[in-house]
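Annotations for this protein, taken from Swiss-Prot, read as follows:
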type	residues	note
BINDING	11, 137	Mg(2+) 2 binding site
BINDING	11, 50, 74	Mg(2+) 1 binding site
DOMAIN	2-145	domain 'RNase H type-1'
């Protein structure tokens, strides 16, 4: 029997903005097992990497068939974007309140498709000693620096 996902942490990093970037995800299961993921992009921004981490986390949940989930991000941009700003952007044809095109619309559209009412988006302050957030940050920074970190995958689907 598969254990339920208890919580997920996501983070993104970028060396220069834009510049080489990385993202990290740590999935914690109720049975104590962990699944870590990450990736890199050659020329990107911190916000895009934060969004890519959230997308990877939600795709993992969807593949695992494990809603609901608590998703922690240290990006206010991602948290507010998905929980507050997105409905207005869609109503205005993907324009901001100032009438400008929404940045990262391609990724917002993917996040919008993956997001469900069963996702509980939570903000966690970055670099505050939270173990899940710190581990995601280390994964994201390693990928941004061109290194392949050792990823714990005690639970594979």
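Every residue, even glycine, has its Cβ placed from backbone N, Cα and C.
Context for these features, please: burial, neighbours, distances.
Using a 10 Å Cβ-Cβ cutoff, residue 11 (Mg(2+) 2 binding site) registers 31 neighbours.
In the three-state DSSP scheme, residue 74 (Mg(2+) 1 binding site) falls into the coil class.
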For the Mg(2+) 1 site given as 11, 50, 74, which other residues of the same chain have their Cβ within 8 Å of the site's Cβ centre?
10, 12, 13, 49, 53, 73, 75, 78, 126, 133, 136, 137, 140
Within 10 Å of the Cβ of residue 74 (Mg(2+) 1 binding site), how many other Cβ atoms can be counted across all chains shown?
22
Below 8 Å Cβ to Cβ and six or more residues apart, same chain only. Which residues does that give for residue 137 (Mg(2+) 2 binding site)?
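The answer is 11, 13, 24, 74, 126, 127.
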For residue 137 (Mg(2+) 2 binding site), just give me the three-state DSSP call.
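Reduced to three states, the DSSP call for residue 137 (Mg(2+) 2 binding site) is helix.
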